[in-house]
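Asks: Handing you a structure now.
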Amino acid sequence: MCLSFLFLVSLATCVVYGNPSSPPVVDTTKGKVLGKYVSLEGVTQSVAVFLGVPFAKPPLGSLRFAPPQPAEPWSFVKNTTTYPPMCSQDAAKGQRMNDLLTNRKEKIHLEFSEDCLYLNIYTPADFTKNSRLPVMVWIHGGGMTLGGASTYDGRVLSAYENVVVVAIQYRLGIWGFFSTGDEHSRGNWGHLDQVAALHWVQDNIANFGGDPGSVTIFGESAGGFSVSVLVLSPLTKNLFHRAISESGVVFLPGLLTKDVRPAAKQIADMAGCETTTSAIIVHCLRQKTEEELLEIMKKMNLIKLSSQRDNKESYHFLSTVVDNVVLPKDPKEILAEKNFNTVPYIVGINKQECGWLLPTMMGFVPADVELDKKMAITLLEKFASLYGIPEDIIPVAIEKYRKGSDDSIKIRDGILAFIGDVSFSIPSVMVSRDHRDAGAPTYMYEYQYYPSFSSPQRPKHVVGDHADDLYSVFGAPILRDGASEEEIKLSKMVMKFWANFARNGNPNGRGLPHWPQYDQKEEYLQIGATTQQSQRLKAEEVAFWTQLLAKRQPQPHHNEL
């Protein structure tokens, strides 16, 4: 008993740095946190891990639909050695997404809660206050509706590249993006959580061995979109110094909306709230339990597309809004004015963004459906509003993507390529051009590889599917069994590129294929079994859509490419 007491007293009165003989304890501005050391087979460098460190107050009660507030201080040593709950979401879908995307070998059972504003930290075990290592802040994807920090184990990236990895969480769905379009609930709560996490990093990361003057934000899909939003936001000035958007930028269809009122009214109606004023709606929704809001989310069936329902009257995402806080103007205006954080920026896509994962999770164009030209047009007309595409140009686009073939498989594959281009490829090229033209160092890539960890249901011809890059970025071939030497080598190369960029704003380094800067020649890097330079990513498709949409007047309340 006496020894236990003395041990706890010692933890409460001193900070332990990089001493594997005792668990790491670190001071934060709010109190001390206790972590743990984890080892990595084949690597002498172990990693100090802190899981579930609070960066804001629980967003409950009056803090629902409100900006995050600083965490309350604590006087004890907080145990941060277990995964925090993920933010409220459909548990079955969230668990499935985690199991598909995680880089770790073992499966973990997830918990979900409205109290979820926590972050996970992975730092080399020999860290000190003076280490000043590059910091890489990860923002997960999931359509602003699913996902969490703990899907991604940062130990491999941290150990192999001597960086501090911070994986953050942010409110999702109704909790993160409900907006009435006025002062009663402006929205963008999830983005404000991301900003709060970056402030926490500035105030605390030095004690974990990180350099607050060298912070890189990186994210994939909705996380890449979030990175793109944060690049444009005045709230993040000096909070980060480099950025990486993987498979998602600010023009990702469906994730940015101009008219929030219909969705707000639908949510209020489903909750049984009066809708006479915004104040009444917000007050009513704040009284609902977490479970009641979750049931509304499930009924809205967010992310799921269906050819059986009227997609014009459905809401597939609860979206980011131009709120005059996070985003002072429409992103197109901000980019045109070149008034944003012109930090070095990597933007990339995967070769077949709509190859298998997204069609499977979102429920459109199943692999076993045979399509003729007429059916393809009908199907895409149902989704035109989501993608911001005028319905009358869909037949022209179908002709382009079916390439003269009447074969049902080729038509289906053409539709998937169509959706991949309008969702990811074209927006990524356009944002890269805008960033380049503002004078910021810009790099582009296209990832082309079939990971050995893919679902057995996935067709073998889908190479470079949505989220495939995550396995390489987080070292899945090193953590999990069954990877080939080629796959391990690819992962080490990608981690080296990302970490070099985090160190100095340039991904290049000794022993790596040269990655050219994205300038007027529009050179980029193809990353895969063979990694090589190429030029003008998706040039033909960009030209096609640019010319096609230039002939059209903007459609109200939709995000056109």
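All positions are counted from 1 along the displayed chain.
Glycine is treated like the rest: Cβ placed from N, Cα and C.
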Asks: Pick from 42-45, 534-537, 558-561: which stretch is listed in Swiss-Prot under motif 'Prevents secretion from ER'?
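Replies: Range annotated as motif 'Prevents secretion from ER' by Swiss-Prot: 558-561.
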Asks: According to Swiss-Prot, which residue among CYS14, CYS87 is joined to CYS116 by a disulfide bond?
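Replies: Of the listed candidates, Swiss-Prot names CYS87 as the partner.
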Asks: What does Swiss-Prot give as the disulfide partner of CYS273, choosing from CYS284, CYS354?
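Replies: Of the listed candidates, Swiss-Prot names CYS284 as the partner.
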Asks: Using GLU353 (active site, charge relay system) as the reference point, find which of the recorded positions ASN79, CYS116, CYS284, HIS466 has the shortest Cα-to-Cα distance to it.
Replies: HIS466
Asks: If one looks at the chain holding HIS466 (active site, charge relay system), which residues at least 6 apart in sequence have a CB under 8 angstroms from its CB?
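Replies: Listed in sequence order, they are SER221, SER247, ASN350, GLU353, CYS354, GLY355, LEU357, LEU358, PHE424.
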Asks: Between CYS116 (disulfide bond) and CYS273 (disulfide bond), how many Å separate their Cα atoms?
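Replies: Here the two Cα atoms are 26 Å apart.
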Asks: Near CYS87 (disulfide bond), which recorded positions out of ASN79, CYS273, CYS284 have their CA within 10 Å?
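Replies: Close recorded positions: none.
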Asks: Going by DSSP, is CYS284 (disulfide bond) sitting in a helix, a strand, or coil?
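Replies: Reduced to three states, the DSSP call for CYS284 (disulfide bond) is helix.
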